[in-house]
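Notes for the one structure printed next.
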Amino acid sequence: MTAVTPAPPSAAGAPAPTDAAPPNRPGGRSRLPAAAGFACGAALLFAVAPLALSDFRLALLAKYLCVAMVAVGIGIAWGRGGLLTLGQGVFFGLGGYAMAMHLKLADAGPGGMPDFMQLYGQLDELPVWWRPFASPWFALPATVLLPMAVAFGLGSLVFRRRVRGAYFAILSQALAAAMVILLIGQQGTTGGTNGLTDIQGFFGYDLDDPVNQRMVYFIIAGVLLALLALARQLVHSRYGELLVAVRDSEERVRFLGYDPASVKLVAYVVAAGMAGLAGALFVPAVGIISPALIGIVPSIEFVIGVAVGGRATLLGPVLGAVAVAWARTALSERFPGTWTYLQGLLFVVVVAFLPGGLASLWALARRRGAERAEVSTS
Amino acid sequence: MNDDRPDGLSVRDVRVSFDGFTAVDGVSLEVPAGDIRFLIGPNGAGKTTVVDAITGLVRATGSVCFGDQELLGRPVHRISRLGVGRTFQTSTIFEELSVLQNLDIAAGARRGWASLARRRRGIPDDVAAALETIGLTGRADQLAGTLAHGQKQWLEIGMLLVQDARLLLLDEPVAGMSHEERDATGALLETVSRDRTVVVIEHDMDFLRRFARSVTVLHAGRVLSEGTVAQVQADPRVQEVYLGHPVETGSVPSGLEA
């Protein structure tokens, strides 16, 4: 073959010198920079941002951070697992609606009905499926568990039947469309196109009070950091390695004795749970959840943020999601109507020229730097 | 898993058809435990399809037993958990992961979910032993995609070892290898067959003569001949299939590669 002379297998069992293998370096990552990065992020979110930003901007940031939570999940499912989920809006919506239903019922008081039901529904009493949401002990876990359960059901069907690639993407998108149609069709009990609006209180705190809005921001920032820590653990665990293996060569993994369907299912369910939590926190931050916020277009926008940031990295999706959401607001303020085109352009540019997202620029710069250093020393 | 009794492979009257085309037409094989059986035959003879049938990749009728377990009708990953491992003609290692990660994943199918949630600490013993056997200890942290061709094939075999496969089905393991690499691979097969059963699909006649303990020749989906290397080479039907006419024994059949 070539000039490569490989060390032949020591078939006789003679122990070969093992000097080259550095022990205890799992994946070659150390913990210190991660901890430092985490501390930096916490300082930015908890100290710099609240001091530097006006209440209005901070509320916007809270909204972006919710989008970033969805992005963390997509980073796992798509970036690591190769599952292009174009329907995360469904899970975001399930979480959001579960939270909004509880808050609406809390606003209405014991035995009361949400205002919109009296307006369009002519209902005499609360629909049966609304009732459990009156209890925070049901509603809060439901914001996460409901999306996870739906993802589990759908994922079990789809992955076992080996639906993948574009077919999976289309299917997940169809689910988002179906959910929107369902919500709009059931106007009397879901609020229809308007969604659930005008949410006043959040567990006894008045959401109109800027102090309480700040508290909501801090909760969101804390949850995002926790999700990032969870994602990091997941990605660096054996499961994380297995997920990449399934993404790159599903058949081979099957021949190793794993069921790739279960491996993908876990990633999908985790991503759904994160999207659900994001939706739940979005509601107190913004005060509304509606079909327009969870349909096909927002679902695609979630993915665009992840693609722009760099789907296979841990922080890329978060930064990409925040950057895209921020750019959207900034540009819409100045040049209304241009954003849609710019967003499309951004997506095309990233997919065509920078498939690794902005995060790959960082890696590229480091490699360039290393090469330059090598050249200058030699 | 049990190591006290290596199991043999027993294939009985296996048939595989694709849309009316019969690729495997009633193949029966008995591979005793500890054998190194070579499956040879012209292109289209059904060698790979037999392996596909054994590992559950294609539907087949008949019976395939490994030890006392019937394999036909089980899903791929269940068959794998019964101790049946295979490689493919093209290398299917996880190129984006390191050598160590590749082996660790291969070892992991028997681990519980709890260990999956944790990070790997150090190198598990079985993985270390496999690294040693396949001679890649010094390259444990290298990305598998950057290995030389021969090393990738050894990594594949190493993955079967940590997977604790007791039946190894290797599809053209030495294709594209240098002479030294072939020798090393043959020695590796001999080591491995001490407590495992090995079935090799191979076109390389030189490699076959040196390392095969028994040979089965397939032709047009059927078993044409079976026996030791010498017996098979002496069989006039084999020579006819390979060269179109009977020839002296010992010459290397040509025109076998795709």
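Glycine too: its Cβ is placed from the backbone N, Cα and C atoms.
Those TrEMBL annotations? Automatic predictions, nothing curated.
As recorded in TrEMBL, the features of this protein are as follows:
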{"type": "COMPBIAS", "residues": "A:1-22", "note": "compositional bias 'Low complexity'"}
{"type": "REGION", "residues": "A:1-29", "note": "region 'Disordered'"}
{"type": "TRANSMEM", "residues": "A:32-53", "note": "transmembrane segment"}
{"type": "TRANSMEM", "residues": "A:60-78", "note": "transmembrane segment"}
{"type": "TRANSMEM", "residues": "A:137-159", "note": "transmembrane segment"}
{"type": "TRANSMEM", "residues": "A:166-185", "note": "transmembrane segment"}
{"type": "TRANSMEM", "residues": "A:215-235", "note": "transmembrane segment"}
{"type": "TRANSMEM", "residues": "A:255-275", "note": "transmembrane segment"}
{"type": "TRANSMEM", "residues": "A:281-300", "note": "transmembrane segment"}
{"type": "TRANSMEM", "residues": "A:312-329", "note": "transmembrane segment"}
{"type": "TRANSMEM", "residues": "A:341-364", "note": "transmembrane segment"}
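Counting Cβ pairs under 8 Å to the transmembrane segment (A:255-275), the top-ranked stretch among A:137-159, A:166-185, A:215-235, A:281-300, A:341-364 is A:137-159. Taking residue pairs at least 6 apart in sequence, the transmembrane segment (A:281-300) and the transmembrane segment (A:215-235) share three or more C-beta contacts under 8 angstroms. By the Cβ criterion (under 8 Å, sequence separation of 6 or more), the transmembrane segment (A:60-78) is in contact with the transmembrane segment (A:312-329), since 3+ such pairs are found.
Taking Cβ pairs closer than 8 Å, the transmembrane segment (A:312-329) reaches residues 37, 60-61, 63-65, 67-68, 70-72, 74-75, 79-80, 224, 228, 231-232, 235, 301-302, 304-306, 339, 342-343, 346, 356-359 in its own chain, all 6 or more past its ends. Proximity of distant same-chain residues to the transmembrane segment (A:137-159), defined by a Cβ-Cβ separation under 8 Å and at least 6 residues beyond the stretch ends, is recorded for 90-92, 94-96, 98-99, 101-102, 168, 171-172, 175, 260-262, 264-265, 268-273, 275-277, 279-280. Outside the transmembrane segment (A:341-364) by six or more residues, the chain places 301, 304, 306-313, 315-316, 319-320, 323-324, 327-328, 331 with a CB less than 8 A from a CB of the stretch.
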